Amino acid sequence: MNYLVMISFALLLMKGVESVRDAYIAKPENCVYECGITQDCNKLCTENGAESGYCQWGGKYGNACWCIKLPDSVPIRVPGKCQR
């Protein structure tokens, strides 16, 4: 029984776990992608591995793309200034 648990744990570690999060997708300089229509955001988000996306109007960063289930490997807007 212990062998089964250890093998399962080892397989989990070898495979790795890809987590996802809902967030504003960001440009390399920590700026959001501004938007006007949801279709543009949905395309941007899904091209970057998210499940979907939409244009969030009047949010914390103005009209910006919000992605749902965005992979950890894609940059998101973090607190701090946009470095344009």
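Each Cβ is built from the backbone N, Cα and C atoms, and glycine gets one as well.
Under the DSSP three-state reduction, CYS82 (disulfide bond) is assigned to coil, being neither helix nor strand. Residues annotated as disulfide bond in Swiss-Prot: CYS31-CYS82 (among others).
According to Swiss-Prot, the feature disulfide bond maps to CYS35-CYS55 (among others). Every protein chain considered, the tally of other Cβ atoms within 10 Å of the Cβ of CYS55 (disulfide bond) stands at 19. According to DSSP, CYS55 (disulfide bond) is assigned to a strand segment.
Around CYS65 (disulfide bond), the same-chain residues six or more apart in sequence whose CB sits under 8 Å from its CB are TYR24, ILE25, VAL32, TYR33, GLU34, CYS35, ASP40, CYS41, LEU44, CYS45, GLY53, TYR54, CYS55, GLN56, listed in sequence order. In this structure, CYS65 (disulfide bond) is part of a beta strand by DSSP. Residues annotated as disulfide bond in Swiss-Prot, with a large-scale study or a structure entry given as evidence: CYS41-CYS65 (among others).
What Swiss-Prot records for CYS45-CYS67 (among others) is disulfide bond, and it gives a large-scale study or a structure entry as the kind of evidence. All protein chains considered, the CB of CYS67 (disulfide bond) has 27 other CB atoms within 10 Å.
If you look up Swiss-Prot, you'll see 21-83 marked as domain 'LCN-type CS-alpha/beta'.
Feature annotation from Swiss-Prot assigns signal peptide to 1-19; the stated evidence is experimental evidence.
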